[in-house]
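Notes follow once the structure below has been shown.
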Amino acid sequence: MAIERTLSIIKPDGVEKGIIGKIIGRFEEKGLKPVAIRLTQLSKAEAEGFYAVHKARPFFADLVKFMTSGPVVLMVLEGENAVARNREIMGATDPKKADAGTIRKDFATDIEKNTVHGSDSVENAKIEVSYFFPEVQVHAYEWKKLA
């Protein structure tokens, strides 16, 4: 199995609800370790650039407005098959369609305020990680097992 890195974002609704630790804990419990993490407020330009692939979609303006409405947590998660594993942990984009026990089913309000973002492919993960984190800000480390 391949060790991968993926971008995860705890969106403004997740930060506002005070569930940052719970979300990170879910990733760690499933073998994804944060190797870079930052709390920040996205500018309009950053959000528009990051979501540029959706620029022609009718929801683009609302997405940018939401993603700039409050702080977000940007993370690089590392682990075996990190992209697919992250998407499983998050659940379906629409919380109503998400499986029980996923982040979106448990914490999200609706398809817009769906609490988390995760890269959708290995290729996009590389692009998304580099958008927010220069390589020097990503730190590999080994987990030590507790006795």
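Backbone N, Cα and C atoms are what each Cβ position is placed from, and that goes for glycine too.
The annotation active site, pros-phosphohistidine intermediate is assigned in Swiss-Prot to H117. Annotation source Swiss-Prot lists ATP binding site at K11, F59, R87, T93, R104, N114.
DSSP assigns R87 (ATP binding site) to a helix.
For the pair T93 (ATP binding site) and the residue listed as 'active site, pros-phosphohistidine intermediate', the Cα-Cα distance reads 9 Å. By the criterion of other Cβ atoms within 10 Å of the residue's own Cβ, the least surrounded of the binding-site residues T93, N114 is T93.
Rounded to a whole value, the Cα-Cα separation of F59 (ATP binding site) and H117 (active site, pros-phosphohistidine intermediate) is 16 Å. The DSSP secondary structure for R104 (ATP binding site) is helix. Every protein chain shown contributes to the tally, and the Cβ of R104 (ATP binding site) ends up with 24 other Cβ atoms within 10 Å. Spacing of the residue listed as 'active site, pros-phosphohistidine intermediate' relative to R87 (ATP binding site) is 9 Å (Cα to Cα, whole number). Taking a C-beta cut-off of under 8 angstroms and a sequence separation of 6 or more, R87 (ATP binding site) has the following same-chain neighbours: G118, D120.
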